[in-house]
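Contents: one structure, followed by commentary.
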Amino acid sequence: MNKEEYQEKIANIVCGKSEKITCEECYILADGNVCKNFKECRISEKTEEQLEYVMTSIKENVFLKACAGSGKTEVIGLKAAYEMKKWNSYNQGIAVLTFTNDATDVIIDRVKQFTGRNAVYPHYIGTLSSFIHSYIVQPFAYTLTGFEGKDEDFSFNIIDRTVPVYSNSWLNTYKCRVSYLEANNRWSSIFAHQIGYDIEKKDFYFYIGKNKMEWLSEYYLKPAVQAFIKEKRIHNAKFWEMKYLRKCFRECKEVFWKAGFSTFDDLNILAIRLLKRDIGHKIALRFPVIFIDECQDLSGNELRVLKALQEQGCIVHCIGDLNQSIYEFKRVDPDEILKHVGEYKQKELHINFRSCKEIVALSERLINVNEIESANLNNLFGSNSLVYFEYDKPDDAINSYYKILKKFDFLEKENRILVRQNSMKLQLEKSTRDGMDEKEPLIVATQLWKDGTPQQMKIALELAGKQISKWLGNGRTKANYYCPKEISSVFYWRVFLMNVLNKILSSKKLSNFNVTCGKWHEYAKKELGIILEEKYPIIADYDEIKDREFEKMINGKSYRVSNGNKDVVIGEIDEKVKNAIPIMTIHGSKGCTFDTTLVISTKNARSIGGHWKEHWLNGTGEAKRIGYVASTRAKYLLVWGVPKMNSEDKELLKSYGFVNGEDLI
């Protein structure tokens, strides 16, 4: 079939176009929603390779390799709508799965545009984790784990791995018998919510602190651990054999599950086990066709869930770009994904509609390919589409970026600043007080809430929730503002926090930051209990505990001044950045399109994937892919902010097409 034949067949199904008229005539005559407010027919504007994928069979597994800016989301929306319009079953459906709520909303919107329907039932469009949670694990997992439920509710409580044990003493019930030997020869406990299992690697992993992950097999072989074991085996020849450690980790998890608790990754393990039963066949009957958007983000365990669904009869279409796989910290291995989809029928989208040819040429060099074509002919910056600015401080690069946008009258366009680390993002936004976030979360929350930006107010709610949940008990996850498990409504918990912060700021003493932390705590112990009790009716109906004693809740024992800060004057947060350019992490920018971007390199190569030279140009694997993702968001102007360079490095950047931005402003 050729392009015209593809578009005729698709338009007949999606738009109900008569075979007697062309797509162009249909566009002129039609008063429907599919092409409303568009300058041309949405079917005929697609390329032949886009339409060819839409026409691929849903009776065979397909991998659609889609380069950055290839219109992937639009194509997924059209493909899903095309199949849904042909669908004739009311008790079976197609599942369109992605990885974020934002991506879900975009796909739902596209499908509604193409189908002209508000409802998607019997189909499902949502995140992969929500699909696993709602359709596989929550309805059936209790049959695996022995969880007896509570008030006939057999759903699991999801506990984030970052939930601190010191303020959630109930987690001590789920302490592993194996501990962690620190570098200073001190021992740290390992808890069930910090433990996971990777089926692909057949190994347990666990977290120490916020982000430090260890594989059990690697931990076991560390010289210090082996020395400890050797010493103990003098008296016990079988002390800490590997099979014993694995047994301890497994049993710790099983006790956790039996009590009705789970982490997000536990859901994948439970789903894989459930899909091997009759439940798997039922799921495959309910959703015989599954689309996976952004398939490069599949973790090893999620990939096994997908395999289990296929084994039960599901047909799978994977859509994505393995060059944009940048979630190694989630144990995502693009080589494993490539191996899996290598057995699928292969399709490709190789035309980049987003970026001008200079940006596309750079992106190809970053990943060593020569197969992407730019369809963006609006080269608004000409030979100045790639620009670098040197900096002493990252703020210098932002100021230079602002100047070039102003000079070229681009301040009102869609501009973004991209950084590798969330910590740099927060500092550039002046959203944090560095270590004070951890030491005095409520003080920082109150300061950020006062005349803050939306981002600062979001962080304020997280910090306030973190502290207040310690008094009300058992905060769960940062995403839920540490809502205690006894409070069933996250929405009203958030409203409660907002009201508490507003009330704190109305206090003459608590809104005064020209005092020491010790003095602020002194005021807080007198006023916070009254404030919490006053605002408590907002969440009272959703609280399992009905006898809160607010007058006894906050005292010297439950709210101590952080070490070393008793006599430190709080002071005001630095002047907020009067800069209308939003700042994002590179990970957060995935899938986004902007008119211009400033990508700020770290000062050195100690960060993972953040340095322009060591990682983006000369790196390998994920470090190089991070540079690719960051450099493919812009349509017209890509700016790199780099630390001060020597002449050799300047020549290196110029060889990639970059020009010195100082010559332009």
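Including glycine, each Cβ sits where the backbone N, Cα and C put it.
TrEMBL: automatically predicted annotations, no manual curation.
Residues or ranges marked as domain 'UvrD-like helicase ATP-binding' in TrEMBL: 45-356.
When Cβ atoms from all protein chains are considered, those within 10 Å of GLY69 (ATP binding site) total 25, not counting its own. The feature ATP binding site is assigned by TrEMBL to ALA66, CYS67, ALA68, GLY69, SER70, GLY71, LYS72, THR73.
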Report the same-chain neighbours of LYS72 (ATP binding site): residues 6+ apart in sequence with Cβ closer than 8 Å to its Cβ, ordered by sequence. LEU64, ALA66, ASP293, ILE319, GLY320, ASP321, LEU349
For a quick check of understanding: among the binding-site residues ALA66, CYS67, ALA68, which residue's Cβ has the most other Cβ atoms within 10 Å? ALA66
Would you list, in sequence order, the residues of this chain other than ALA66, CYS67, ALA68, GLY69, SER70, GLY71, LYS72, THR73 that have their CB within 8 A of the centroid of the site's CB atoms, where the site is the one recorded for ATP? VAL75, ASP321, LEU349, ASN352, PHE353, ARG354
Helix, strand or coil at ALA66 (ATP binding site) [DSSP, three-state]: strand
Which Cβ among the binding-site residues (SER70, THR73) has the fewest C-beta neighbours inside 10 Å? THR73
